[in-house]
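Per Swiss-Prot, substrate binding site is recorded for 33, 237, 238, 270. The K(+) binding site annotation in Swiss-Prot covers 35, 37, 67 and is backed by similarity to another entry. If you look up Swiss-Prot, you'll see 35, 36, 37, 38, 74, 148 marked as ATP binding site. Annotation source Swiss-Prot lists site 'Transition state stabilizer' at 212. As annotated by Swiss-Prot, Mg(2+) binding site applies to 214, 238.
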């Protein structure tokens, strides 16, 4: 058994064909991530078409997450330039050796600041600032291409939550079955709510909003951001450009804890298997990183460059599934302590999870929106639980959740939906007639939750 942790895989040039995607889905990918920072409508549409063909071939529908560019500063569209260590270079607003595309960048920067280009591959130190022109010394050189990220360590320019490209992306994806929107560089609860408002206005009623924690504001305001979001993503690559690397484990632990105590989904991202961009086997430290992430009870692990541009996208998924499966066996023998809820809905969810585990029985529920399933998943059940859902839209949402297996049965009153879920589980030989099952449904007619423990007789 692979275990309850879900795998998010980024679709890119290396994985954009239906045949590659089908292999990735069959090996355990639960959510396909499309990075809206790259490409455009034509490329995104092609990815979605390939994904639909792959789903049809495998017989499995997955979550679809659009990852927005957010308030990111980038270099211009100039030709690649080689920056040598020791060079004094000019950064200007759409001019100079390093053209920068945001005026706000120059309002933030000061003499002595460290500037990181292209995910930290190139490092500069600022020597002087004059309006929209900055002189900086190259500390670590390299070839700088167009549209690369520009970060000032420890600082974040005051940019709007959504770029013009983000708005175009959301308009395109509005009717494409997107289940999750990843909000990049989330800086506050207000930031998250502004994106949620736009998403709802475009008709994405069920799409969940996940905040990506990528900078100092996200870390310092993690409590309010987690409260405003449906989940958080720990983007370790971008965090590593703002903090010293030895701080990252503590920051990761802090974010996981703040999200867990608010019952939010946690996704860990970046560099899990980065060596596999070039090599077919992971390093020992990468294996340990994935193993420890599962023990830390991350709900999902994200592959980025490994599946988007790497040489071994299928093997990357295979290794992540293999390692997480091994870690799950350890987790099952020593489960983590669960938060003790104070609200009735969460007390009910925890009670159901613990009841099913004490009986070693399957847990089956029917959820019209996926919210009940989210509450169950927040307590990290050690066995797969089955969620009857009314539509493919909700199925894609639930697919992202720890341990959840969605079953599309149609839109019914809750008790009827639960019965339909059982019928489908029986037809697919997932639940057998002699098993004791814990079931739960909401009776709108009587205004009560119904919880049963019974031996099924099909």
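Count begins at 1; order follows the chain as displayed.
Cβ atoms are placed via backbone N, Cα and C, with glycine included.
Feature map: annotations from Swiss-Prot on the structure.
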residue: 33; record: substrate binding site; CB count, 10 Å: 26
residue: 35; record: K(+) binding site; CB count, 10 Å: 21
residue: 36; record: ATP binding site; CB count, 10 Å: 24
residue: 37; record: K(+) binding site; CB count, 10 Å: 18
residue: 38; record: ATP binding site; CB count, 10 Å: 16
residue: 67; record: K(+) binding site; CB count, 10 Å: 26
residue: 74; record: ATP binding site; CB count, 10 Å: 20
residue: 148; record: ATP binding site; CB count, 10 Å: 17
residue: 212; record: site 'Transition state stabilizer'; CB count, 10 Å: 25
residue: 214; record: Mg(2+) binding site; CB count, 10 Å: 29
C-beta crowding around residue 238 (substrate binding site), within 10 angstroms: 23
Secondary structure at residue 238 (substrate binding site), reduced by DSSP to three states: helix
Other C-beta atoms that fall within 10 angstroms of the C-beta of residue 237 (substrate binding site): 17
Residue 238 (substrate binding site) to residue 214 (Mg(2+) binding site) - Cα separation in whole Å: 5
Rounded to the nearest Å - Cα separation of residue 37 (K(+) binding site) and residue 148 (ATP binding site): 11
Neighbourhood of residue 270 (substrate binding site) by C-beta distance under 8 A, where only residues 6 or more apart in the same chain count: 235, 236, 237, 238, 302, 304
33, 237, 238, 270 excluded, remaining Cβ within 8 Å of their centroid (substrate): 212, 214, 233, 235, 236, 269, 271, 302, 304
Listed in sequence order, residues not in 35, 37, 67 with Cβ within 8 Å of the centre of the K(+) site Cβ atoms: 10, 33, 34, 36, 38, 66, 68, 69, 182, 184
Binding-site residues clustered about residue 67 (K(+) binding site) [Cα within 10 Å; pool: 33, 36, 74, 148]: 33, 36
Distance [Cα-Cα, Å, rounded] between residue 38 (ATP binding site) and residue 212 (site 'Transition state stabilizer'): 17
Alpha-carbon spacing, residue 36 (ATP binding site) to residue 214 (Mg(2+) binding site), which is rounded to whole Å: 17
Proximal residue to residue 33 (substrate binding site) among recorded positions 74, 148, 212, 214 (C-alpha distance): 212
Residue pair residue 74 (ATP binding site), residue 214 (Mg(2+) binding site) - Cα distance, angstrom, rounded: 16
Inter-residue C-alpha distance, residue 35 (K(+) binding site) and residue 212 (site 'Transition state stabilizer') (nearest angstrom): 13
